[in-house]
Amino acid sequence: MKDTFQRSINYMRISITDLCNLRCQYCMPEKGIYKKTHQDILTLEEIEQIVRIGAENGINKVRITGGEPLVRKGVIGLIKNISNIPGIQDIALTTNGLLIKKYGEALKDAGLKRINISIDSLRPDRYKEITRGGDLSQVLEGIQEALRLGMTPVKLNVVVIGGYNEDEIEDFANLTVDDPIDVRFIELMPIGEASGWAKDRFLSNEEVKSKIEGLVPIITDATSPARLYRLPGAKGRVGFINPISSHFCESCNRIRVTSDGKLKPCLHSNHEIDLLRVARENPEQIGAVLSNGIQLKPEKHYLYTNKHEMSARSMSEIGG
């Protein structure tokens, strides 16, 4: 499917829960979020149906997100079913890593191809602070489990926060040397909990990159948001995702579906289409709604302009 700007849209990011077993400061309020009823979120069958119809209309890549997707009961079966949908070539998962050791084998057997792990510090005390209680050792065990299972390259998503973890940039980059790990530095975005302090703590990826010596640029997939580099002799890669300082809207190939069934043509727009209602009342219209949503994708986001409306949703509600 192509949008009005002739971008090919083949990638669906679908959040299966807004619940999480962490409370990261820039993602979720300390007390958590209002717990929706089962009636208010997509069932696993509805998620599968949406992906199936998406595949019939050109979607071939799917990423399962949250919240923390591994806290949703039935996630293994969902991944297995999606991986068997004709046309789906790639299925990936974004997780905080705490439950990979527990579910890794089952995830691989279900057909999961790739895994992204969100981790913003390699220091136990600091990690516990930013996540409001997380155990770093569990995440590190999860990374090793993903490597053992061959889900490579294992991608680590690192949000760089000025005055907080910028002194760990080189430590993260060095993780790519001995293992097939891709470390991707992501600029802090003004969404939800982060909107109040994103400007004060924002660090551009040009600044981040300047702190890593010896990076060599490598060829990057044009549709990937990450600009990739490699340290000399490294098995993995270092990537930079710059949604603020150098957006990649011109090559955007994705749509998002939230756990409560809202189709979001753009992460940074408040415009949403109620796909949950369509799935329950007129499921035969799902394909048309997906197509319409794609046509409504804006040319670019308008962060930090007078056209931008700050999202009231947390990142866990939208889907990370």
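Note that Cβ sites are derived from N, Cα and C of the backbone, with glycine treated the same way.
The annotation GTP binding site is assigned in Swiss-Prot to Arg13, Arg63, Thr94, Lys155, Arg254, Ile255, Arg256 on the grounds of sequence analysis. The secondary structure of Lys155 (GTP binding site), as reduced to three states from DSSP, is extended strand. Cβ-based neighbour count (10 Å, all protein chains) for Lys155 (GTP binding site) stands at 22.
DSSP assigns Cys24 ([4Fe-4S] cluster 1 binding site) to coil in the three-state reduction, placing it in neither a helix nor a strand. The [4Fe-4S] cluster 1 binding site annotation in Swiss-Prot covers Cys20, Cys24, Cys27 and rests on sequence analysis.
According to Swiss-Prot, the S-adenosyl-L-methionine binding site annotation covers Tyr26, Gly67, Ser118, Met189, on the basis of sequence analysis.
The [4Fe-4S] cluster 2 binding site annotation in Swiss-Prot covers Cys249, Cys252, Cys266 and is backed by sequence analysis. Other Cβ atoms within 10 Å of the Cβ of Cys252 ([4Fe-4S] cluster 2 binding site) number 23 in total over all chains.
Feature annotation from Swiss-Prot assigns domain 'Radical SAM core' to 4-226.
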- Task: For Arg63 (GTP binding site), write down the residues of its own chain that are at least 6 apart in sequence and whose Cβ falls under 8 Å from its Cβ; none is a fine answer.
- Result: Tyr11, Met12, Arg13, Ile14, Ile91, Ala92, Leu93, Thr94, Asn116
- In all the protein chains shown, the tally of other Cβ atoms within 10 Å of the Cβ of Arg13 (GTP binding site) is 21
- Query: Can you tell me the three-state DSSP label for Cys249 ([4Fe-4S] cluster 2 binding site)?
  - Reply: helix
- Task: Name the one residue among Met189, Cys249, Arg254 whose Cα is closest in three-dimensional space to that of Cys24 ([4Fe-4S] cluster 1 binding site); these are the binding-site residues.
- Result: Met189
- Task: Whole-number Å only: compute the distance from the Cα of Arg256 (GTP binding site) to the Cα of Gly67 (S-adenosyl-L-methionine binding site).
- Result: 14
- Query: Where the distance is taken from Cα to Cα, which of the binding-site residues Cys20, Cys249, Cys252, Ile255 turns out closest to Gly67 (S-adenosyl-L-methionine binding site)?
  - Reply: Cys20
- Given Met189 (S-adenosyl-L-methionine binding site) and Cys20 ([4Fe-4S] cluster 1 binding site), what distance in Å do their CA atoms have, once rounded to a whole number? 19
